[in-house]
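Engineer: Would you mind keeping the following structure in view while I ask a few things?
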Amino acid sequence: MARTQAEPPASQPDARAAWLRDQLERANYAYYVLDQPDLPDAEYDRLFRELQQLETDHPELVTPDSPTQRVGGEAAGGFTPVVHDAPMLSLNNGFADEDIVAFDKRVADALAKATDLAGSVTDPVEYACELKFDGLAISLRYENGVFVQAATRGDGTTGEDVTENVRTIRSIPLKLKGKHVPAVLDVRGEVLMFKRDFARLNERQRAAEQREFANPRNAAAGSLRQLDSKITAQRPLSFFAYGIGVLDGMPMPDTHTALLDWYEAFGLPVNRERAVVHGAEGLLDFFRKVGEKRESLPYDIDGVVYKVNRRDEQERLGFVSRAPRFALAHKFPAQEALTKLVAIDVQVGRTGAITPVARLEPVFVGGATVTNATLHNEDEVRRKDIRIGDTVIVRRAGDVIPEVVGALLDRRPADAAEFVMPTECPVCGSKIERLPDEAIARCTGGLFCPAQRKQALWHFAQRRALDIDGLGEKIIDQLVELNLVRTPADLFNLGFATLAELDRFAEKSAQNLLDSLEKAKHTTLARFIYGLGIRHVGESTAKDLAKHFGSLTPIMDASIEELLEVNDVGPIVAESIHQFFAEEHNRTVIEQLRAPGKVTWPEGPPAPKAPQGVLAGKTVVLTGTLPNLTRDAAKEMLEAAGAKVAGSVSKKTDYVVAGAEAGSKLAKAEELGIPVLDEDGLHQLLEGNTP
């Protein structure tokens with residue numbers, strides 16, 4: 001939504017107020033009518049508070065249509081308008097502890113004044129505390145216990161009729177429980193979507209190749225306001241009751257707590273995360289306790305709500321133009337905020353993953369000042385269309401790493417620059433490569449790159465690699481941080497005096513590690529290949545490479561086509577191996593490891609190539625149990641006939657041989673239309689008879 005009007009300075013209060021009203025009304029329309037919010041809550045709150053203060057300082061600037069004089073957005077087209085019997089007001093907000101102390105003082109003073117006890121000492125005010133859900137407020141009307149209508153808040157006076165959609169929410173009773181029910185009951189509450197349900201909904205959206213929802217609140221709002229209630233019925237919406245509008249035919253409960261207990265008796269869903277406290281100290285204690293468990297709650301909340309518990313005290317306190325005096329929303333530090341993206345750098349992870357990182361103008365969000373945020377990967381940057389110079393939405397929730405959620409396209413400067421993934425690692429200068437079908441680009445300097453140093457050393461020392469006993473993570477940390485070891489080759493240059501000086505490393509430990517290093521010099525080619533840490537090359541593939549080529553040099557010099565001839569090596573693995581050995585830095589470290597006095601292994605001739613048999617060039621997959629042949633025997637016969645026996649079914653598979661209890665491989669073959677043979681069919685195939 002375009003915001004082209006220039007932002008006036010504070011020195012022009014008339015123009016500034018008009019601009020603020022325009023910004024807030026545009027945001028209201030996007031939020032309530034389009035269900036496409038384009039301003040973070042914190043930014044909206046900041047603009048709203050500024051307009052409130054401006055109108056307080058300059059009362060002549062207050063207009064009837066100012067956002068400060070109303071509750072929300074106008075009813076959208078497509079739904080029948082509903083006039084609320086009692087207005088659905090919003091709440092004033094508090095952010096700092098001082099705001100809560102001031103609220104409690106205002107309430108206590110007003111109650112004292114209302115009872116002609118001004119200046120006297122009174123007991124602390126009793127409050128009902130509950131959660132502030134991040135969903136959509138609605139009103140439910142029951143007549144003689146039967147659900148008859150549901151409406152959204154709208155502008156607080158007039159909302160939208162969403163009765164048919166709300167009927168699909170299973171947690172909302174269509175008839176109240178109990179024999180004694182009110183003639184009319186107007187229940188106020190929140191429609192929301194639990195985190196687990198939101199995740200499942202987006203999984204379905206992805207599977208159907210449909211647009212995913214940004215967050216549970218957007219999903220709940222969009223689902224509730226569907227013109228087709230059948231769509232709403234497929235969305236996992238929930239509801240919590242927390243307030244009341246109109247009540248006829250029964251007396252009003254004496255306290256807010258009693259009201260919620262009453263609702264539970266009627267079968268209405270009420271949240272159990274609530275408490276009764278006294279005074280400001282009790283309010284702040286509730287806020288802190290909820291904050292500690294916030295991330296573990298099964299739904300999103302953006303704060304807590306405090307309400308004077310006694311109904312008679314609520315009535316004495318009354319209302320201001322847009323909110324009750326007896327209640328306050330205590331909001332958590334904003335989890336989203338706006339700031340400017342000044343640059344995009346890349347960061348190298350311990351496994352070589354290249355991650356774009358946004359460098360930001362400092363912004364306070366989620367309780368901390370944020371200057372950097374992850375952009376995940378190159379595809380995410382493209383998908384979100386994030387550019388250098390953009391005004392971006394930054395999200396930080398709990399201990400989660402800050403991330404850039406999106407950019408405000410209407411604020412994009414003309415010179416905003418697209419991100420370009422570098423071709424060389426910023427740490428070591430090695431080539432950056434991205435394998436087909438992978439979202440992550442990686443530095444190929446695995447043995448050399450300082451950013452990957454600790455991971456490379458740890459992997460090299462693993463039991464299934466060179467098995468260097470005594471070289472654990474803490475020792476590796478010291479060796480790297482003291483700059484004693486940069487590559488695996490440096491391990492074999494370590495001396496007794498150097499090791500003995502390490503923290504918590506006695507002479508015996510030093511000698512034991514030296515003995516392990518000496519032992520590790522005599523290994524096998526398969527262990528050495530595995531120890532190099534080549535991506536996608538596990539222990540089994542390392543053995544296949546060693547068996548196929550016989551020595552290291554042919555592997556290092558092999559083309560992708562030659563690598564594809566190795567058993568169980570597919571295009572992605574072949575590309576990964578080829579990239580690793582194509583990087584000159586890796587070859588240098590390998591030569592250092594093979595230097596005299598360093599690592600050795602017995603080498604042999606390459607495995608003889610299978611003669612061109614009847615199945616030369618064919619790929620066969622075995623699955624299940626054959627009646628007379630073991631898996632190994634069948635594999636040996638197929639390989640002798642020139643076939644490649646693969647471990648998984650793909651479009652490149654020519655035949656699948658299936659025995660008893662064949663599983664997913666058989667299903668995959670049938671799905672792809674690949675010929676499936678039994679044991680007799682296998683024998684015919686080996687005899688040259690194509691099924």
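Residue 1 is the first one shown; counting continues down the chain.
From the backbone N, Cα and C atoms, a Cβ is placed for every residue, glycine too.
So Swiss-Prot has the following annotated:
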ACT_SITE  Lys132  active site, N6-AMP-lysine intermediate
BINDING   Asp41, Ala42, Glu43, Tyr44, Asp45, Ser90, Leu91, Glu130, Arg153, Glu190, Lys307, Lys331  NAD(+) binding site
BINDING   Cys425, Cys428, Cys443, Cys449  Zn(2+) binding site
DOMAIN    610-691  domain 'BRCT'
Engineer: Radius 10 Å, atoms counted are CB only; among the binding-site residues Arg153, Lys307, which position scores highest?
Structural biologist: Arg153
Engineer: DSSP-wise, what's the residue breakdown of the domain 'BRCT' (610-691) into helix, strand and coil?
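Structural biologist: Helix, strand, coil within the domain 'BRCT' (610-691): 27 helix, 16 strand, 39 coil.
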Engineer: If I take the Cα of Cys425 (Zn(2+) binding site) as reference, which of the recorded positions Glu43, Asp45, Leu91, Lys132, Lys307 has the closest Cα?
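Structural biologist: Minimum Cα distance from Cys425 (Zn(2+) binding site) across Glu43, Asp45, Leu91, Lys132, Lys307 lands on Glu43.
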Engineer: C-alpha of Lys307 (NAD(+) binding site) to C-alpha of the residue listed as 'active site, N6-AMP-lysine intermediate': distance in Å?
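Structural biologist: One finds 12 Å between the Cα atoms of these residues.
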Engineer: Between Cys443 (Zn(2+) binding site) and Glu43 (NAD(+) binding site), what is the CA-CA distance rounded to a whole number of Å?
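Structural biologist: About 39 Å separate the Cα atoms of these two residues.
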Engineer: Any idea what the Cα distance is from Leu91 (NAD(+) binding site) over to the residue listed as 'active site, N6-AMP-lysine intermediate', rounded to a whole Å?
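Structural biologist: Here the two Cα atoms lie 11 Å apart.
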Engineer: What Cα-Cα separation, expressed in whole Å, is found between Glu43 (NAD(+) binding site) and Lys132 (active site, N6-AMP-lysine intermediate)?
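Structural biologist: Between the Cα atoms of Glu43 (NAD(+) binding site) and Lys132 (active site, N6-AMP-lysine intermediate), the distance comes to 19 Å.
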Engineer: To the nearest whole angstrom, state the Cα distance for the pair Cys428 (Zn(2+) binding site) and the residue listed as 'active site, N6-AMP-lysine intermediate'.
Structural biologist: 49
Engineer: If you count the other Cβ atoms within 10 Å of each Cβ, which of the binding-site residues Cys428, Cys443 comes out on top?
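Structural biologist: That would be Cys443, with the most Cβ atoms nearby.
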Engineer: Take the Cβ of the residue listed as 'active site, N6-AMP-lysine intermediate' and count every other Cβ within 10 Å, whichever protein chain it belongs to.
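Structural biologist: Summing over all protein chains shown, the residue listed as 'active site, N6-AMP-lysine intermediate' has 20 other Cβ atoms within 10 Å.
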Engineer: Return one of helix, strand or coil for Glu43 (NAD(+) binding site), based on DSSP.
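Structural biologist: The residue in question, Glu43 (NAD(+) binding site), is helix (DSSP, three-state).
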Engineer: Give me the count of other Cβ atoms within 10 A of the Cβ belonging to Glu43 (NAD(+) binding site).
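Structural biologist: I count 20 other Cβ atoms within 10 Å of it.
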Engineer: Please report the distance from the Cα of Asp45 (NAD(+) binding site) to the Cα of Lys132 (active site, N6-AMP-lysine intermediate), rounded to the nearest angstrom.
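Structural biologist: Pair distance, Cα basis, whole Å: 16 Å.
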Engineer: What is the separation, in Å, between the Cα atoms of Arg153 (NAD(+) binding site) and Lys132 (active site, N6-AMP-lysine intermediate)?
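Structural biologist: Between the alpha carbons of Arg153 (NAD(+) binding site) and Lys132 (active site, N6-AMP-lysine intermediate) there are 16 Å.
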Engineer: Please state whether DSSP places Cys425 (Zn(2+) binding site) in a helix, a strand or coil.
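Structural biologist: Where Cys425 (Zn(2+) binding site) sits, the three-state DSSP reduction gives coil.
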Engineer: Would you list the other residues of this chain near Zn(2+) - those whose C-beta lies within 8 angstroms of the C-beta centroid of Cys425, Cys428, Cys443, Cys449 - in sequence order?
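Structural biologist: These residues sit around the Zn(2+) site: Val348, Gly352, Pro426, Val427, Gly429, Ser430, Ile432, Thr444, Gly445, Phe448, Pro450, Ala451, Gln452, His585.
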